[in-house]
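The structure appears right after this line, and notes come after that.
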Amino acid sequence: MEQVSMEATNPNPSSMSGVADASAAELLCCANARALLDSVDAFLFDCDGVIWKGDKLIDGVPQTLDMLRSKGKKLVFVTNNSTKSRIQYANKFQSLGLSVNQVYVIGGEGIVQELQLAGFTALGGPEDAEKRAQWKSNCLFEHDKYVGAVVVGLDPDINYYKLQYATLCIRENPGCLFIATNRDSVGHMTDLQEWPGAGCMVAAVCGSTEQEPIVVGKPSTFMMDFLLQKFNVSTSRMCIVGDRLDTDILFGQNAGCKTLLVLSGVTTQSTLDDPSNSIKPDYYTNKVSDILSLLGE
């Protein structure tokens, strides 16, 4: 992954506001790293591309997290990983005033298990991985008319059967919700390269149903509502640390948090500097452990 040289400087001081100045992002340095630390009570970290890549931990992360804990900072790991969404699904259904019992899943076993733990009957998921839709004359594709929601997340076993099942539920079941865990286009499923993300699966269902989903992951602020209740910290005293402009950083800006972009994941220096990019973090740096080295801890 391309990384920025730490020799670069930015003469403009940060406004320290929750929403970044769209004209510039400030390179993290000794002075503003200290100011950031003093102004924040809770750090919210994305995981893929920030804490780890694939199954490999990014250098310096444990030591940096230990240092932040020693300073009394709350550490929260806010991921679009669709295996961590039990509370989101349950709360979303309840907030919409809907009683949903059966949910069809395009996604992995994690989503199925989380929904079951939240009290829902989950259909699909890995069980439908080997199923095939048959194109035959006078052959009707059957689906459960009682499915009240379709949840679409990252699914390495996505197939035409799952797409047809989800499409019929959304289009034909009255009031059926279309929920996406996130719309990430790619992700670091392994440490060496990016792979298609949940956004690809979501886009397929958008195309077949001609509907847009309710997104419960970043950059939706629905997740922030839950975090505010749980941790009782003002968003102005929070800092989102992520590697994606359109999810992590936008999520932080939408919620009124400070934002720190790390270039250890999806976003590169050239993407950040591209004139067409309108999402600018408050700060950016190579990797999470730069916080540790800049503070001289």
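Every residue, even glycine, has its Cβ placed from backbone N, Cα and C.
What TrEMBL says about a protein is an automatic prediction, not a curated fact.
For reference, TrEMBL has these:
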{"type": "BINDING", "residues": "Asp46, Asp48, Asp243", "note": "Mg(2+) binding site"}
{"type": "ACT_SITE", "residues": "Asp46", "note": "active site, nucleophile"}
{"type": "ACT_SITE", "residues": "Asp48", "note": "active site, proton donor"}
{"type": "BINDING", "residues": "Lys218", "note": "substrate binding site"}
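Within 10 Å of the C-beta of Lys218 (substrate binding site) we count 29 further C-beta atoms, all protein chains included. When other Cβ atoms within 10 Å of the Cβ of Asp46 (Mg(2+) binding site) are tallied across all protein chains shown, the result is 25. With a 10 A radius on its CB, Asp48 (Mg(2+) binding site) counts 22 other CB atoms from all the protein chains.
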